[in-house]
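Report on one structure; see the data block that follows.
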Amino acid sequence: MSGADDMKNSAEKLGGKVKEGFGKLTDNEKLEAEGQADQVKADAKQAGENVKDAAGKAGDSVKDAFNR
């Protein structure tokens, strides 16, 4: 995973937390729900990046084993 992807996901999650908090503060349920959805979306993207990283490392390990 690139650092840029990590930063984007973190920023998206933070934005979702801010939006959710502002929704709670203003008693705006729609805004609160949008903030929660943004956080879930950022978490899902991060999980996908983690899976890609793990798969890449596993593939590298297999290549290394065959190159010995």
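Just so it is clear, glycine is given a Cβ too, placed from its N, Cα and C backbone atoms.
The compositional bias 'Basic and acidic residues' annotation in TrEMBL covers 1-33, 40-68. As annotated by TrEMBL, domain 'CsbD-like' applies to 5-55. The region 'Disordered' annotation in TrEMBL covers 1-68.
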Surrounding residues of the compositional bias 'Basic and acidic residues' (1-33) on its own chain - C-beta under 8 Å, 6+ positions past either end: 39-43, 45-46, 49-50, 52-53
Secondary structure tally of the domain 'CsbD-like' (5-55) (DSSP, helix then strand then coil): 48 helix, 0 strand, 3 coil
